[in-house]
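A.B. asks: The FAD binding site annotation in Swiss-Prot covers 58, 59, 60, 61, 70, 71, 76, and the record cites similarity to another entry as its basis. Taken from Swiss-Prot, the feature NADP(+) binding site covers 68, 69, 70, 198, 199, 200, 201, 202, 203, 204, 221, 222, and the record attributes it to similarity to another entry.
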C-alpha cells in the first residue's frame, strides 16, 4: 500500500485498534500497564508503535559512556512495579532499560507492540471520527495504515536531538556524532576530541571518555549548578530486605518522595533559605575539586538556581585539572573542515581549534511539543504548530482541535516538585479514564469523541502564568529549555496536590465537548455534556 498518491483519509485502514500508543518508553509502558491494571482495554484492543527494536525509549537509545539516572533509583521507578534489586543509588543505563523491559514483559505488552516502526503521520479523520496513523516498517520498508478511536502520544520530551545554531554546521570532515547516537564501535584512543555543550548528558560522558583521549576540548556556553553525586553500591542485605519485606521498600520510596514534596518547593523558590544553603553546597563542591581561580570563575554558575536542571556529579570537575583538557567559554561561531571556530565575547577575537572527533552534547528540543510525529487535528493544523507559541494545553494532556488525543509531559504539567514517574502514572490514569468512557460510549449506531473546550484550555493555561512568572527559569537572564520560544515558563507552578486533584478525574461539563456522528453519515454534531 502506498499513501503518496492520495490523502490517507481516503484510504481504508489495514489494522484497527481502539487505542494506539505512540512510543514504548517509560510513558508508553506505564500507559499500557494502566490499561491492563484498570481493566480499561484488553491487550487486543490497543497497540504500541515503537521506532526502536526494544522497550525502553531514551534508556534503550542513549548508550553513551556513563549514561545513568540522575534521580535516585528508588524514586525513578513505577509505584506498582518496585524493584528491590537496584545495584546503585543512581542506576546505570543498561539496568534501567532492563527494568522497563521487564515491566513491559510482566504485563505482556510485547503481544501488543510493533517495533521498528516509523510513524509517518497521524491525522484525525472527521468523516469517521477516527485517528489514522501511517507507519513504515524500518526493516522491510512496507507501509501500513492503522485506525483508532484514541491516540496517545507517549514519545517523551527527549526525542528530538538538537545542535548549536552555528555557521556551516555540516562542514566538519572528521568523526562526528550527537550523544544520543553514540556509535557502538566508537574509538577515541589517542585522539583529540571536542565536545560542544555541557548539559546533563555531556557532563556524564566527559569524565568517562577522558581516560581514552589524547586531549579534550570542552565548549561551554554557561555552567550549571553541580552537587556531589553520593552514588553508592546498594548492599546485599538491603536488597534482601526490600525483596522479602516489601513494606520497607515501599516506605523507603514514600519517605524520599515525601521529602521531595516538602523540600523541593522551597528549593526552587528564588532566595529561599534552602536555596541559599544548596547554592553554598554547589560552591563548596566546586572549590573543593577545583583550585585554580580562573577555572573556578569559568565553572561557577551565574544563573539563578533552577534556571537549568541541577546536576549531581562527583567526577566532572576534576577532569578540568588535567593539562590536556581545555575549557572554552568563547561562543562557538562556525565549524570548519578540521575543527571549530569560537569568538571571545569580550575582545571579539576569533580562534580555530582543530580536532579529530566532534561530539555534540547539546541535548534535545523538549519545548517543541508535538514533534517528531506529524500529528494533524480537525482543522489540519499540526500539533507542534498548535502548541506554539503560547503552549496552551488542558492539564498538559490534551488540547482543543485534537479529539480523543492525549499525551504525556505536555505543556504546563511537569513540576519541580515531583518525579517524572509519578507524573506519568497520573497522566496514564487520566488517559485511561477517558479511554474507558469512550470505549463504553462507542457502541451502537453512533460514534463519539471528546475534545477539550478551547476557552477552558486558554483559561487554565493563563491561570498558571502568575505562578510561572515567579519560578527560577522566568529570570530574564535565564536561558533554559524550561522556557518557551517567547519566554513563557511551561512548568506547573503551584502545589502539586492541586494538579493531582485536577487530573484524577474528568470534569466533562467544565472541560470537554462531545462529538457525535451517526455511522455512515458525515455530519458531526458538537454537543455539550
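Placement of Cβ uses the backbone N, Cα and C atoms for every residue, glycine included.
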A.B. asks: Measuring CB to CB from residue 70 (FAD binding site), give everything in the same chain under 8 Å that is also at least six residues away in sequence.
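C.D. replies: Set apart from residue 70 (FAD binding site) by at least 6 residues yet with Cβ under 8 Å, we have 90, 200, 204, 309, 311, 312.
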A.B. asks: How big is the NADP(+) site in terms of the longest C-alpha to C-alpha distance among 68, 69, 70, 198, 199, 200, 201, 202, 203, 204, 221, 222, in angstrom?
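C.D. replies: If we measure all Cα pairs in 68, 69, 70, 198, 199, 200, 201, 202, 203, 204, 221, 222, the largest is 23 Å.
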A.B. asks: Whole-number Å distance between the CA of residue 203 (NADP(+) binding site) and the CA of residue 60 (FAD binding site)?
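C.D. replies: The Cα atom of residue 203 (NADP(+) binding site) is 19 Å away from the Cα atom of residue 60 (FAD binding site).
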A.B. asks: Just jot down the residues in the same chain as residue 199 (NADP(+) binding site), at least 6 apart in sequence, with C-beta under 8 A of its C-beta; none if empty.
C.D. replies: 224, 308, 309, 361, 362, 363
A.B. asks: Rounded to a whole angstrom, what is the C-alpha distance between residue 61 (FAD binding site) and residue 201 (NADP(+) binding site)?
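C.D. replies: Approximately 13 Å lies between the Cα of residue 61 (FAD binding site) and that of residue 201 (NADP(+) binding site).
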A.B. asks: Can you tell me whether DSSP puts residue 58 (FAD binding site) in helix, strand or coil?
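C.D. replies: The three-state answer is helix.
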A.B. asks: List the residues of the same chain that sit at least 6 positions away from residue 59 (FAD binding site) in sequence and have their Cβ under 8 Å from its Cβ, in sequence order, or write 'none'.
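C.D. replies: Residues satisfying the criterion: 25, 26, 93, 96, 97, 100.
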A.B. asks: What are the sequence-distant neighbours of residue 58 (FAD binding site), meaning same chain, six or more residues apart, C-beta distance under 8 angstroms?
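C.D. replies: Listed in sequence order: 25, 156, 158, 159.
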A.B. asks: Counting Cβ atoms within 10 Å of each candidate's own Cβ, which of the binding-site residues 60, 76 comes out highest?
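C.D. replies: Result of the Cβ crowding comparison: 60.
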